[in-house]
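Just lifted these from Swiss-Prot, have a look:
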| type | residues | note |
| --- | --- | --- |
| DOMAIN | 5-57 | domain 'LIM zinc-binding 1' |
| MOD_RES | Lys23 | N6-acetyllysine |
| REGION | 98-119 | region 'Disordered' |
| MOD_RES | Ser104 | phosphoserine |
| DOMAIN | 126-178 | domain 'LIM zinc-binding 2' |
| MOD_RES | Lys138 | N6-acetyllysine |
| MOD_RES | Lys144 | N6-acetyllysine |
Amino acid sequence: MASKCPKCDKTVYFAEKVSSLGKDWHKFCLKCERCSKTLTPGGHAEHDGKPFCHKPCYATLFGPKGVNIGGAGSYIYEKPLAEGPQVTGPIEVPAARAEERKASGPPKGPSRASSVTTFTGEPNTCPRCSKKVYFAEKVTSLGKDWHRPCLRCERCGKTLTPGGHAEHDGQPYCHKPCYGILFGPKGVNTGAVGSYIYDRDPEGKVQP
(Lines of atoms letter the chains of each structure in order from A and count residues from 1; the text may use other names and numbers.)
(Lines give C-alpha, C1' and ligand atoms only; values in the text may rest on other atoms or scores of the structure.)
Protein backbone atom coordinates (compact mmCIF):
# COMPACT_ATOMS: atom_id res chain seq x y z
CA MET A 1 0.00 0.00 0.00
CA ALA A 2 1.37 3.41 -1.02
CA SER A 3 2.21 5.73 1.86
CA LYS A 4 1.34 9.40 2.32
CA CYS A 5 3.91 12.19 1.85
CA PRO A 6 4.39 14.06 5.18
CA LYS A 7 4.75 17.39 3.33
CA CYS A 8 1.72 17.42 0.99
CA ASP A 9 -0.26 14.49 2.51
CA LYS A 10 -0.76 12.94 -0.94
CA THR A 11 -0.05 9.34 -1.96
CA VAL A 12 3.60 8.58 -2.79
CA TYR A 13 4.07 5.98 -5.53
CA PHE A 14 7.24 3.91 -5.88
CA ALA A 15 8.64 5.61 -8.99
CA GLU A 16 8.45 9.10 -7.47
CA LYS A 17 9.39 8.47 -3.85
CA VAL A 18 12.50 9.18 -1.80
CA SER A 19 12.86 7.89 1.76
CA SER A 20 14.25 9.92 4.65
CA LEU A 21 13.58 10.30 8.40
CA GLY A 22 11.73 6.97 8.31
CA LYS A 23 9.10 8.32 5.88
CA ASP A 24 8.39 8.29 2.14
CA TRP A 25 8.33 11.70 0.40
CA HIS A 26 7.75 12.98 -3.10
CA LYS A 27 11.20 13.95 -4.37
CA PHE A 28 10.33 17.65 -4.57
CA CYS A 29 8.50 17.66 -1.23
CA LEU A 30 11.67 16.82 0.72
CA LYS A 31 12.60 20.46 1.39
CA CYS A 32 14.24 22.45 4.18
CA GLU A 33 11.59 23.60 6.66
CA ARG A 34 13.20 27.06 6.86
CA CYS A 35 14.41 28.01 3.35
CA SER A 36 12.53 25.41 1.22
CA LYS A 37 15.70 24.24 -0.55
CA THR A 38 15.18 20.77 -2.09
CA LEU A 39 17.15 18.14 -0.12
CA THR A 40 18.51 14.65 -0.79
CA PRO A 41 17.65 11.64 1.41
CA GLY A 42 20.09 11.48 4.30
CA GLY A 43 22.01 14.51 2.97
CA HIS A 44 20.44 16.93 5.40
CA ALA A 45 20.03 17.66 9.09
CA GLU A 46 16.81 17.12 11.02
CA HIS A 47 15.10 18.47 14.11
CA ASP A 48 11.90 17.10 15.67
CA GLY A 49 11.45 14.82 12.67
CA LYS A 50 11.59 17.68 10.12
CA PRO A 51 14.33 18.18 7.50
CA PHE A 52 16.67 21.20 7.40
CA CYS A 53 19.66 22.06 5.20
CA HIS A 54 22.94 21.98 7.16
CA LYS A 55 23.98 25.58 6.49
CA PRO A 56 22.80 28.05 7.26
CA CYS A 57 19.39 26.88 8.51
CA TYR A 58 20.16 24.00 10.93
CA ALA A 59 23.29 25.71 12.25
CA THR A 60 21.47 29.01 12.78
CA LEU A 61 18.41 27.50 14.45
CA PHE A 62 19.70 24.57 16.48
CA GLY A 63 23.51 24.40 16.62
CA PRO A 64 25.01 24.62 20.14
CA LYS A 65 26.13 28.18 20.82
CA GLY A 66 29.88 28.67 20.75
CA VAL A 67 30.64 24.95 20.88
CA ASN A 68 32.26 23.19 17.92
CA ILE A 69 31.44 19.52 18.21
CA GLY A 70 33.04 18.74 14.87
CA GLY A 71 29.82 17.70 13.14
CA ALA A 72 27.43 19.34 10.76
CA GLY A 73 25.44 22.16 12.23
CA SER A 74 27.92 22.68 15.03
CA TYR A 75 27.89 26.46 14.91
CA ILE A 76 25.14 28.94 15.64
CA TYR A 77 25.15 32.65 15.17
CA GLU A 78 24.24 34.66 18.23
CA LYS A 79 20.93 36.48 18.00
CA PRO A 80 20.96 40.18 18.84
CA LEU A 81 19.84 41.02 22.34
CA ALA A 82 16.27 42.18 22.77
CA GLU A 83 15.95 45.90 22.28
CA GLY A 84 15.52 47.95 25.40
CA PRO A 85 16.94 50.96 27.20
CA GLN A 86 20.71 50.70 27.48
CA VAL A 87 22.31 51.66 30.78
CA THR A 88 25.51 53.66 30.60
CA GLY A 89 27.85 54.59 33.40
CA PRO A 90 28.30 52.88 36.79
CA ILE A 91 25.36 51.14 38.44
CA GLU A 92 24.75 52.05 42.05
CA VAL A 93 24.55 49.07 44.40
CA PRO A 94 22.86 49.58 47.79
CA ALA A 95 25.31 49.39 50.70
CA ALA A 96 23.39 46.55 52.38
CA ARG A 97 23.65 44.34 49.28
CA ALA A 98 27.35 45.14 48.88
CA GLU A 99 28.04 44.02 52.46
CA GLU A 100 26.02 40.86 51.88
CA ARG A 101 28.12 40.00 48.82
CA LYS A 102 31.37 40.49 50.75
CA ALA A 103 30.17 38.17 53.52
CA SER A 104 29.15 35.41 51.13
CA GLY A 105 32.40 35.58 49.15
CA PRO A 106 32.86 35.43 45.38
CA PRO A 107 30.27 33.49 43.37
CA LYS A 108 31.19 29.90 42.63
CA GLY A 109 31.36 28.69 39.06
CA PRO A 110 28.82 26.07 38.03
CA SER A 111 29.90 22.45 38.15
CA ARG A 112 29.98 20.36 34.97
CA ALA A 113 26.80 18.53 35.85
CA SER A 114 24.89 21.67 36.75
CA SER A 115 25.93 23.41 33.54
CA VAL A 116 24.55 20.49 31.60
CA THR A 117 21.27 20.75 33.47
CA THR A 118 21.15 24.49 32.79
CA PHE A 119 21.42 24.06 29.03
CA THR A 120 19.75 20.73 28.34
CA GLY A 121 17.85 19.59 31.43
CA GLU A 122 18.24 15.94 32.42
CA PRO A 123 20.88 14.29 30.16
CA ASN A 124 19.42 12.03 27.47
CA THR A 125 20.40 8.41 26.96
CA CYS A 126 22.51 7.39 23.94
CA PRO A 127 20.47 5.00 21.74
CA ARG A 128 23.64 3.00 20.95
CA CYS A 129 25.16 2.32 24.40
CA SER A 130 22.20 3.34 26.65
CA LYS A 131 24.46 5.57 28.78
CA LYS A 132 23.85 9.23 29.62
CA VAL A 133 25.00 11.79 27.05
CA TYR A 134 26.36 15.03 28.50
CA PHE A 135 26.36 18.31 26.61
CA ALA A 136 30.12 18.49 25.92
CA GLU A 137 30.26 15.01 24.34
CA LYS A 138 26.97 14.81 22.45
CA VAL A 139 26.03 14.96 18.78
CA THR A 140 22.39 15.13 17.71
CA SER A 141 20.95 13.20 14.77
CA LEU A 142 17.68 11.43 13.92
CA GLY A 143 16.03 13.34 16.77
CA LYS A 144 18.28 11.73 19.40
CA ASP A 145 21.46 12.60 21.32
CA TRP A 146 24.43 10.27 20.75
CA HIS A 147 27.99 10.01 22.03
CA ARG A 148 30.09 11.03 19.04
CA PRO A 149 31.80 7.59 18.70
CA CYS A 150 28.40 5.87 19.03
CA LEU A 151 26.93 7.50 15.89
CA ARG A 152 28.01 4.71 13.54
CA CYS A 153 26.67 2.98 10.43
CA GLU A 154 24.48 0.04 11.45
CA ARG A 155 26.02 -2.13 8.72
CA CYS A 156 29.75 -1.36 8.54
CA GLY A 157 30.38 0.49 11.84
CA LYS A 158 31.86 3.59 10.16
CA THR A 159 31.68 6.71 12.38
CA LEU A 160 29.19 9.25 10.94
CA THR A 161 28.59 12.99 11.26
CA PRO A 162 25.21 14.42 12.37
CA GLY A 163 22.92 14.76 9.34
CA GLY A 164 25.72 13.58 7.02
CA HIS A 165 24.32 10.08 6.63
CA ALA A 166 21.29 8.14 5.48
CA GLU A 167 18.79 6.48 7.80
CA HIS A 168 16.29 3.63 7.73
CA ASP A 169 13.78 2.80 10.47
CA GLY A 170 15.48 5.35 12.72
CA GLN A 171 18.94 3.74 12.38
CA PRO A 172 21.95 5.53 10.78
CA TYR A 173 23.75 4.19 7.68
CA CYS A 174 26.57 5.56 5.52
CA HIS A 175 25.35 6.57 2.04
CA LYS A 176 27.71 4.33 0.09
CA PRO A 177 27.81 1.46 -0.06
CA CYS A 178 25.59 0.42 2.86
CA TYR A 179 22.36 2.42 2.38
CA GLY A 180 22.44 1.97 -1.40
CA ILE A 181 22.99 -1.79 -1.16
CA LEU A 182 20.38 -2.40 1.53
CA PHE A 183 17.55 0.04 0.82
CA GLY A 184 18.00 1.89 -2.50
CA PRO A 185 15.10 1.35 -4.96
CA LYS A 186 16.09 -1.36 -7.45
CA GLY A 187 16.62 -0.13 -10.99
CA VAL A 188 15.08 3.29 -10.36
CA ASN A 189 17.28 6.38 -10.46
CA THR A 190 15.58 9.09 -8.43
CA GLY A 191 18.63 11.34 -8.73
CA ALA A 192 19.14 11.29 -4.98
CA VAL A 193 21.63 9.83 -2.56
CA GLY A 194 21.18 6.09 -2.07
CA SER A 195 19.08 5.79 -5.24
CA TYR A 196 20.82 2.69 -6.57
CA ILE A 197 20.96 -0.84 -5.21
CA TYR A 198 22.99 -3.75 -6.49
CA ASP A 199 21.18 -7.05 -6.95
CA ARG A 200 22.62 -10.00 -5.11
CA ASP A 201 23.03 -13.37 -6.81
CA PRO A 202 21.75 -16.55 -5.09
CA GLU A 203 25.16 -17.13 -3.50
CA GLY A 204 25.01 -13.73 -1.74
CA LYS A 205 27.66 -12.04 -3.90
CA VAL A 206 26.99 -8.43 -4.89
CA GLN A 207 26.63 -7.96 -8.64
CA PRO A 208 27.35 -4.53 -10.17
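If you go along the chain as it appears here, the first residue is 1 and each next one adds 1.
Note that Cβ sites are derived from N, Cα and C of the backbone, with glycine treated the same way.
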Among the modified residues listed here, Lys23, Lys138, Lys144, which has the most company in the form of other Cβ atoms within 10 Å of its Cβ?
Lys138
Just to verify a number: CA distance, Lys138 (N6-acetyllysine) to Lys144 (N6-acetyllysine), in angstrom, no decimals.
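Cα to Cα, Lys138 (N6-acetyllysine) and Lys144 (N6-acetyllysine) are separated by 10 Å.
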Restricting to the domain 'LIM zinc-binding 1' (5-57), what is the model's mean pLDDT?
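The answer is 87, the mean pLDDT of the model over that range.
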